[in-house]
Ligand code: ATP
Ligand code: MG
């Protein structure tokens, strides 16, 4: 029978009947398993019809996995029950109300924000990325633009920036509404408002959702918390949540781990379970993981540390490397050994703090012919800023080729030179009439006003100047960035970033580092194209691919692998220099380490961070395997 696969406490939790329930426990203790089994039991025993069940997970990937597991246990009922993210649930509620609704994200969303900034004349005062981040945070806190303006009106002291933000927020909402668009943060805010304003709607969903369950509850934000309270009213609704406040890593995006700690305040009749056996990892890994998190002061005091059921397993390996290349080489040579020992590549993960850190690992894996998947944002060589600069390099290296034509199309107007589509059309026509390359056509076409013609000649001269200097790749990149004003362009046009994950300026630095290993521009370009093609970049599921997984620590939450490399535990990287919350950074480190089942490697390059030192010391009083590659 189903429940035989659970230990006593897990079984008790899975057998929990009606009323609120909290399962609070450390990593690998079976929280997600309990959630799945409870859902399966309710469905199998007919306690709950599939359409009356809502199971919320943190990511789409987790939802897919959960659906699969559930399907294995209950069959087709799994497809009827709602298993998905908070956002997807809210979106489907909103779509029922307004079928014309569409999602805006990525580039288009940024564009709307930029328009809102321009329309309010505030582009110079406010930073695009910062505005996007703040508006998102406000929405997650359920603060509409009306609320925000109203609050400001009542404040005696208000900064110019706050007033400006209020105007941009409003304008952005108007632009979106005009096109029936919603962004991700809207989904929560709008669903909350719909539920609180339309009694019938709320009544319908309350009746329909007889059982609601939430995984990774520690990263619930205010909007999600309030929606849950509406759907499953305290004090005794059927809300079943599992989480671990030590794994809360999204405070910077508005998560409130205290909702987990205070669950019983909201739902006083809640039954609470603490699981304390770790089934995932070897004893060596569990002991390290426990020691690391003990350094945090803000924790729930009564939570037991998890204890292992598995044997000691191999030693945790610590690696010190002089630079990121040495670090990547060492990791990849270990990966080759693991592979030779029969560990499937899909069971091996490399985890890092920010996306840009993937680059040396991608490169080394490709060099050794080991397939890899980069999760999250696109791979390094596919990034806009990287491809822009490479296009300039292409023009310097060989402007008259097909690749040269493509490069002209890509960067003639990057940074903005007022040489848009029409100019390009004219240049293309001129090129084909004269049988010359697009590059040669640029200074000749004589299209547009005097300013444009001048800009076209200057573009050509810029490249010609660079060509004459015959610089090696890294120096050429520096020159391109300097002479085009590319960094200012990024700041001005694109806004820096949506979050610390994708700092574009850092990518430029990384590009220079990558180039510094080459003396010849052509070779460097060929190499870049090679790696770009070999790396599979994946936004969500690459489930069955036989390839090493590369992802950020954030993204790894909830997952597990037989072998894990937590890399870049370097000063300024982990903890990240831009974070002012050391405990959240340590939780992130803890999440990373606790993904490993059997093999765990912790490495740094350059100067180790305090996390690295702590971890080394934590292993059996300093008796750990430290490999120094100096
Ligand atoms: P995290 O906090 O990292 O999300 P979790 O508490 O959700 O971890 P699970 O992912 O549910 O933990 O379980 C960890 C691993 O242990 C899984 O591979 C799961 O199948 C296994 N496991 C859990 N409980 C048991 C059990 N009673 N017997 C055998 N294996 C178990
Ligand atoms: Mg889990």
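Using the three backbone atoms N, Cα and C, a Cβ is placed for every residue, glycine included.
Pulled from TrEMBL, these are the features on record:
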- 25, 26, 27, 28, 29, 30, 31, 32: ATP binding site (BINDING)
- 4-282: domain 'UvrD-like helicase ATP-binding' (DOMAIN)
- 283-558: domain 'UvrD-like helicase C-terminal' (DOMAIN)
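Listed binding-site residues: 29, 32; maximum Cβ neighbour count within 10 Å falls on 29. Ligand 2 lies under 6 Å from the Cβ of 31, 32, out of the binding-site residues 25, 26, 27, 30, 31, 32. Shown in sequence order, 31, 242, 244, 273, 274, 275, 276, 303, 306 are the residues of the chain, 6+ apart in sequence, with a C-beta less than 8 angstroms from the C-beta of residue 25 (ATP binding site). Other Cβ atoms within 10 Å of the Cβ of residue 27 (ATP binding site), summed over all protein chains shown, number 25. Around residue 28 (ATP binding site), a 10 Å sphere centred on its CB holds 27 further CB atoms from the protein chains shown.
Other Cβ atoms within 10 Å of the Cβ of residue 31 (ATP binding site), summed over all protein chains shown, number 26.
Long-range neighbours of residue 30 (ATP binding site) (same chain, six or more residues apart, CB within less than 8 Å of its CB): 6, 7, 10, 275, 277, 279. The Cβ of residue 26 (ATP binding site) lies under 8 Å from the Cβ of 244, 246, 275, 276, 278, 289, 290, 303, 304, 305, 306, 594, each of which sits 6+ residues away along the same chain. The ATP site is defined by 25, 26, 27, 28, 29, 30, 31, 32, and by the 8 Å test on Cβ atoms against their centroid, the other residues of the chain that qualify are 244, 275, 278, 280, 306.
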